[in-house]
Amino acid sequence: MNPERQETISPKNVPFQPVPTPNQQSLQSRMLESNQAVPDAFQKVAAWNHYNAVATPPIGVPQTARPPSNQSPHPNPPGYPYQSHQQQFHPLAIAFQQPFGLPQQVIYPPPPPGFTPHRVQVSPVGLLGPPGFFPQFAGSTTSQGNPSEVSVRTKSAEGTTGPIAPSITTKPTSTIQVAPPRDPVAPTTSSSGITKKPENGEFSLVKTISGHTKSVSVIKFSYCGKYLGTGSADKQIKVWNTVDMTYLQTLASHQLGINDFSWSSNSQFIASASDDTTVKIFDVISGACLRTMRGHTNYVFCCSFNPQSSLIASAGFDETVRVWDFKTGLCVKCIPAHSDPITSISYNHDGNTMATSSYDGCIRVWDAASGSCLKTLVDTDHAPVTFVCFSPNGKYLLSAQLDSSLKLWDPKKAKPLKYYNGHKNKKYCLFANMSVPLGKHIISGSEDGRILVWSIQTKQIVQILEGHTTPVLATDSHPTLNIIASGGLEPDNVIRIWRRN
């Protein structure tokens with residue numbers, strides 16, 4: 001065994017034990033009833049995990065143990081029991097995290113290249129809405145796809161990635177070229193107007209930005225307001241200057257598409273979540289990848305820095321929440337949080353609690369320190385929840401569901417206070433935003449190519465922004481200025497900047 005490869009174990013006082021899948025549970029029961037020893041296959045799986053566990057050094061220390069990027073980091077060790085990666089269950093998917101006295105958690109590697117993960121758990125009856133409904137993502141046993149061509153977020157819940165017929169009436173009428181960016185695959189920036197003159201107090205399209213080669217899956221302004229980050233199914237995150245929307249940096253290290261990313265509070269780092277099952281930390285200025293965190297056994301769909309930027313929480317299709325130490329990259333907590341893929345995770349303003357949403361129809365609020373579940377929010381329709389975030393003051397939650405609705409929750413009362421309707425959202429996981437600088441508004445994209453702005457108080461639509469020709473997956477509002485950024489599915493994979501007059 002390579003002496004540089006070491007087993008990395010999370011603290012033993014983590015209070016949560018992962019729930020085995022039905023197949024695993026029945027296997028454990030049969031083994032205990034017959035008083036048999038641990039099967040040889042499980043011993044080999046444990047050896048495989050030990051063989052691939054890598055202790056990553058603190059940020060700033062060279063990661064000499066990592067193999068070159070052009071070499072496979074996961075050669076089959078001697079005695080590896082599963083020679084085919086195309087069978088139904090990969091050993092990383094069936095190896096439960098505390099099998100028969102083994103350490104509570106080993107930081108597992110991602111599946112070997114070319115392997116398409118499969119779901120192994122069955123959802124509780126009735127939690128996914130209408131009978132027979134199930135999100136048809138690439139990670140599902142009912143759907144196959146080429147994950148290298150799209151990210152999970154840009155894939156429809158019905159298993160299609162094609163655009164939905166838009167109803168667009170307003171389109172750019174002029175294009176002004178600006179100076180080319182620095183690198184040879186230069187993103188280009190243009191300034192555009194719209195066909196009708198906007199009224200005072202309304203948003204208008206002021207700029208379009210081209211740079212990504214595939215669908216734009218996530219857009220977020222930095223906390224300082226100086227930068228705009230955009231993530232895509234093309235495996236890259238790009239950083240732009242918000243003053244003139246010129247290109248600054250490309251963050252490229254992931255092997256598959258980007259589903260989400262989070263800015264650190266000082267706007268110097270970005271944590272990213274990808275289909276390649278890893279979470280990475282990037283230095284925004286240099287563009288260097290400082291850390292790769294391995295542990296998730298399926299697509300990582302969402303991630304979030306805590307307000308202190310000392311921890312990163314991530315979640316995804318393995319239905320667990322993992323909390324990572326920013327400085328060391330070690331997993332300090334693993335929570336089996338939901339019974340279906342987790343679609344978003346958010347810390348409140350003080351970092352004491354975090355919220356998660358899932359296709360199981362539940363929103364859960366967690367104590368960030370202990371990992372205990374404080375509250376479970378479920379509405380009567382049980383629609384799959386695709387997004388959740390705390391309000392700026394931390395008192396409320398905003399959620400998005402696959403029933404074309406947004407809901408404002410009071411976590412203490414465990415029920416929705418207000419409903420926001422008017423957009424179309426039946427297939428994709430769309431981001432939504434609460435904007436105080438813009439006048440206490442809620443902003444969301446729509447699958448018909450529009451962006452809707454609601455009044456938080458009155459629930460009325462105050463403006464509809466038209467310009468995209470495909471579903472708008474990602475929106476965000478500037479922390480201090482009256483600016484909205486939006487992006488959507490290819491072929492209309494450009495970023496649009498909207499400003500209020």
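Just so it is clear, glycine is given a Cβ too, placed from its N, Cα and C backbone atoms.
Since this is a predicted model, take the numbers as computed values, not measurements.
Taken from Swiss-Prot as is:
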type	residues	note
REGION	1-35	region 'Disordered'
REGION	58-85	region 'Disordered'
REGION	155-197	region 'Disordered'
REPEAT	211-241	repeat 'WD 1'
REPEAT	381-410	repeat 'WD 5'
REPEAT	467-499	repeat 'WD 7'
Helix, strand and coil totals (DSSP H, G, I; E, B; other) for the repeat 'WD 7' (467-499) = 0 helix, 17 strand, 16 coil
Overall pLDDT for the repeat 'WD 5' (381-410), taken as the rounded mean = 95
Looking only at the repeat 'WD 5' (381-410), what are its DSSP counts of helix, strand and coil residues?
-> 0 helix, 17 strand, 13 coil
